[in-house]
Amino acid sequence: MAQEPEERLKEAKPPSGPSGEGEMATGSPSPPTPSWFTPKRLLVIFCVINLINYVDRGAIASNGVNGSRGTCSKSGTCTSGSGIQGEFNLSNFEDGVLSSAFMVGLLLACPIFASLAKSINPFRLIGVGLSVWTLAVIGCGLAFNFWFIAVCRMLVGVGEASFISLAAPFIDDNAPVSQKTAWLGIFYMCIPTGYAVGYIYGGLVGSHLTWRIAFWGEAIMMIPFAILGFVMKPLQLKGFAPTESKKALTSVGTAVSDVQVAEISDGTLTAKEEFDTKSSKDSAKPKDTSVSSNHFSIFMRDMKALLLEKVFIVNVLGYVAYNFVIGAYSYWGPKAGYNIYNMKDADMIFGGITIICGILGTIAGGLALDYINSIISNAFKLLSTVTFLGAIFCFTAFCFKSMYVFLALFAVGELLVFATQGPVNYICLHCVNPSLRPLSMAMSTVAIHIFGDVPSSPLVGVLQDKINNWRETALILTSIFFLAAAIWFIGIFLHSVDRFNEESRNQVTPSERASTAPLLEGRTAGTTTGALAEP
């Protein structure tokens, strides 16, 4: 009888294999079946989704979709407006609100999706987010007034937030060790590419058909990926235990309670009464309140851990200063170029430079960090160096009166500053515990927008109104690149630890990892970094 509890615990142990067989039936884990999701396929899928997201951002800013208001001359001749602004007769302020509404949805939802990743499979969250995005984009095409399309744009931001917070950790999990930063660089290369494609797509569709069809076309492109998030086996992020293991722990705990009650020969009624009393007290508590309180306490605990990480803080501060300049460049660059150098095609020239330098620079930055060894201190060295050199080229470019010298120097400068995308996000992912990576990416996104590109455009406009000299305004703005380089230079001297392989509270156990199908083909169970969990 003394051994009976142990035997009953063994019987209550949940099966480790995905089909209810495995270690208990054969004595060893059943051989996993290869997943359809290879790392390269995963990268391609996430890059296409990222591209579609930024095609939408570029399309709504294009002349074909955004359009212009109708105008009337002093002689009484009137021309009808075009696009969203013309159809709803929006002021420039109202037109700008559409962009702000998107950012509000994005910034509010990023931390929420990152926090939910603790209790809901992240891949399913991406599916939910992309579904919201698709429905919101369809709503933009069906809009009947300004407020309706403003709400839809906010929901587009909410949908994109799920993807921004969770895609990079998935890529980081499954990229080859020697190419992690290069893969992140390829992923972030889709940002300038998507903007450029969006300008062209929006211009063509809006001009030849209607701006509404441009939105519906985006929805059609995204629908397959939204469905994929629900029908495929959910991918499991490193540092997060699958839902099944939590259920298994609950069942084991229940079995232990049963064994303890069965072993008590005297006072059995007392044990049962205590159990019933505890159960009644627990059931009396409102479940929704306790769950919400638990989520909030976990979120606050994670936020405290994140804000105490000096490497993360320094990295994001440098990123904020960097994004302050990039945001103002993207908004005021063509106008400054037109006024300083009398560029007739300033939009096309600045757009072309941004596309080419954005693609080449982003990929080059990732490859460079992988080449010199992907560690956090090397990432800071690369960030400070390329940003400092890029600042010199961009600053010098605005000092020359020749347009051709300006374009040559400015192109080199942009090539260098775009090389930061891979390394800066590598630090965000590797300076924190694996379970904090979604929150790290979410709060980084929130910070660089709230303190970076969102306030930079109006502040630069105020500066230009005051000094009324675009060359001086551009030089003052560009000098902030030196501040970003200095902040990242400080990061070199911080004590940094790569926490990618650090155990966390929700770390997947070896037996759980063995029972899931591997994402990387040809890997053994012991070296798998990305796996599929049962839905």
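Residue numbers in this text run from 1 along the chain shown.
Quick reminder: no glycine exception, Cβ is built from N, Cα and C everywhere.
Heads up, TrEMBL stuff is auto-annotated, nobody curated it.
Marked as region 'Disordered' by TrEMBL: 1-33 (among others).
Residues annotated as compositional bias 'Basic and acidic residues' in TrEMBL: 1-13.
Here TrEMBL flags 42-503 as domain 'Major facilitator superfamily (MFS) profile'.
Per TrEMBL, the feature transmembrane segment maps to 97-116 (among others).
TrEMBL lists 123-148 (among others) with the feature transmembrane segment.
Residues or ranges marked as transmembrane segment by TrEMBL: 183-201 (among others). Within its own chain, the transmembrane segment (183-201) has Cβ neighbours under 8 Å at 43, 46-47, 50-62, 167-168, 171-172, 175-176, 214, 217, 351, 354-355, 358-359, 362-367, 418, 421-422, 425-426, 429, counting only residues six or more beyond its boundaries.
Same-chain neighbours of the transmembrane segment (213-232): 36-37, 45, 48-49, 52, 55-56, 59, 64-65, 123-124, 126-128, 130-131, 133-135, 137-138, 140-141, 201-202, 205-206, counting only residues six or more beyond its ends whose CB sits under 8 Å from a CB of the stretch. According to TrEMBL, the feature transmembrane segment maps to 213-232 (among others).
Here the transmembrane segment (311-332) has long-range neighbours at 354, 376, 380, 383, 387, 417, 420, 424, 427-428, 431-432, 440, 443-444, 447-449, 451-457, 459-461, 464, 477-478, 480-481, 483-485, 487-488, 490-491, 494, 496, meaning same-chain residues at least 6 beyond its ends whose C-beta is under 8 angstroms from one of its own. Positions annotated as transmembrane segment by TrEMBL: 311-332 (among others).
For 348-372 (among others), the entry in TrEMBL reads transmembrane segment.
For 474-497 (among others), the entry in TrEMBL reads transmembrane segment.
The region 'Disordered' annotation in TrEMBL covers 505-535 (among others).
Under the heading compositional bias 'Low complexity', TrEMBL lists 519-535.
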Per-residue pLDDT averaged over the domain 'Major facilitator superfamily (MFS) profile' (42-503), given as an integer: 80
